[in-house]
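Features reported for this protein in TrEMBL:
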- 28-300: domain 'Ribophorin II N-terminal' (DOMAIN)
- 308-414: domain 'Ribophorin II second' (DOMAIN)
- 422-546: domain 'Ribophorin II third' (DOMAIN)
- 579-649: domain 'Ribophorin II C-terminal' (DOMAIN)
- 1-21: signal peptide (SIGNAL)
- 590-609: transmembrane segment (TRANSMEM)
- 630-648: transmembrane segment (TRANSMEM)
Amino acid sequence: MMAGGLARFVVLILATAICGAASVFQPISDSHRSAALDVFAPVDGSYKSLDEAYEALKTLEILGIDKKSDLSSATCENVVKVLASPSSSTLKDVFYALSVNGILKCKSGEDVPKDIVSKLQTGVKDAKLLLDFYYSVRGLVLVKEQFSGTDISLGDAEAVFRSIKALSQSDGKWRYSPNNPESSTFAAGLAFETLAGVISLAPSEIDHSLIQTLKTGITKLFDSIQKYDDGTFYFDESEGPISTTASVIRGLKSFAASESTGLNLPGDRIVGLAKFFLGVGIPGDAKDFFNQIDALACLEDNRFSVPLILSLPSTVISLTKKEPLKVKVSTVFGSKAPALSVKLSQALSSGSKGSSVINNQELKFDAESATYFLESFPKNFDVGKYTFVFEILLDESANEKVYITEAQTKVPISATGAITIENAEIAVLDSDVGSVESQKKLDLTKDEAVSLSANHLQKLRLSLQLTTPLGHVFKPHQAFLKLKHESQVEHIFLVKTSGKKSELVLDFLGLVEKLYYLSGKYEIQLTIGDASMENSLLSNIGHIELDLPERPEKAARPPLQPTDPYSRYVPKAEISHIFRVPEKLPAKQLSLVFLGVIVLPFIGFLIGLTRLGVNIKSFPSSVGAATSALLFHGGIGAVLLLYVLFWVKAIGSVHDSKGTVFAGSVSVVRRTQNTVSPRSSIEQAEICLKDIYSSL
């Protein structure tokens, strides 16, 4: 619940930001059609549920995008499944199955599905909740529309009407349940659609007093409508402003279509509702996208009033190019408007108080492009920001019953032009008397190479004049001078406009702390920009050598300059490795000769064994067996050799340390024989030998 509330809050904030900031509304364009293909793209050729399928198909149908052939197979399978066994489906599933069937024509004909009608009629009879009434009644209306020759009616339509009307509140809102006192504007839209279905299914006319009471409730509901400063109107509740407003509009369209006397709704509210949905832009959420397009389609085709929207291809007019003012009037989907005239009643300048530079100027009409235009502007029309006030007048009075226009449409306009820059100069002044020590004229249309020098007792002055094409003083939105020290420390100073001159005076005596007492070379750069200035500039003037006092110990030091974050990805310096020079080796042939010399003694050993008469006839002759035998005997010989080397090492150590012969130490060895039993391990023998060595 918290996540849903947060999402609705974000939607409201975004809608507020869009509608509050923009006063120029454009009708639905190809951008919406392109976005719809992405927002309503099916997953594996189908949608998760029938309600999602209906919203996608309905949106694409309204926008004129034919995707029925791509989606009909999988979606129709679900539709037929629900309609074939309505008893095992909910009223909601049956309703959306019929809604999708109305678009894809999955099941049609003259035979009325009796099981469906029976389920829906039972739903109307047993309904207590508003949603049960809605799905049942609207489902019966869909059956009546889709199956030809069907005459479905509610036997006691007036009683059903009263049961639904009992859920209404005095403020025009409705409740979902008789046991729930909480009312909702979203529920009001559902109720209007449901009651419109009851009226269309009634075998006779509903009591006129009931319908009149419902109209009064609609009027009270509009008393709770919310408004932005640009004339945008909307309804808002927990479901979100887009869903809530769309629900009310759908309900009003259905009720107006079913009721013969029509609805008398305030025109500015209808235009404001249309501007709300156009001001939303292109929603990224599929639900909001559907509600936007469906609500605008209801406003495009209804029986109370079709709003006409005034739009401008561009709100920027270049006086240099002498561009005309162009205006278009159309419906919310860009359809052509009936014959009408557009008048520019006022053009209010943002700098003047109530004075208008253009009054009651009627625009010409170009039938080929369906555009109203103003060819030229009066001579006193200068660059700047304006608010144009338009009035739309229908030529035929009969159209006033069908179409509705805003009484006055206010549009922000920006007139741009080339600003003249004159008398630009930069000078170094003495602080005491203010006399000019050095002065340079500047041509700001190109980069200069001015070279100046100053100390902390002097001043730097920059002055220039900015004038509009009509010779008026121009005050730019942005004008500042930047000093950049050779250590990359930057300082920015605003250039103020006073009278006819824009001027900046820097007193270095009062700026030594701000400049961190950094003497040296400073680059000078001037920036002038404004939305109405076609020749905004960024000019490098030159440099100035500053001689400032030494920095005191307690004075602030210049901040560390930020390093380039991408410098860490720069290739590192190449590392050169120094390897040891390989030793000089003998020739390969010489190594093989020495290998043979090493093997010869072993061969001689074998020959010696045969000479001594050793019996080696039983020694295996095959390669595998001979190898195993050699390894076995070699292992035994290695163990014996290890013992010999051990004793030689031990006896040699004793001889070297005591200067005695081996025979002189026999007594010591004999003395330890009793301590080593025949079952003692080799580790115990080693310990005994260590004891012998330590005693000697």
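Placed from the backbone N, Cα and C atoms, the Cβ positions cover glycine too.
Counting residues per DSSP class in helix, strand and coil order gives 3 helix, 76 strand, 46 coil for the domain 'Ribophorin II third' (422-546). Stretch with the most C-beta contacts under 8 angstroms to the domain 'Ribophorin II second' (308-414), considering only 28-300, 422-546, 579-649: 28-300.
Taken through DSSP, the domain 'Ribophorin II C-terminal' (579-649) splits into 51 helix, 0 strand, 20 coil. Looking just at the domain 'Ribophorin II second' (308-414), the mean pLDDT is 90.
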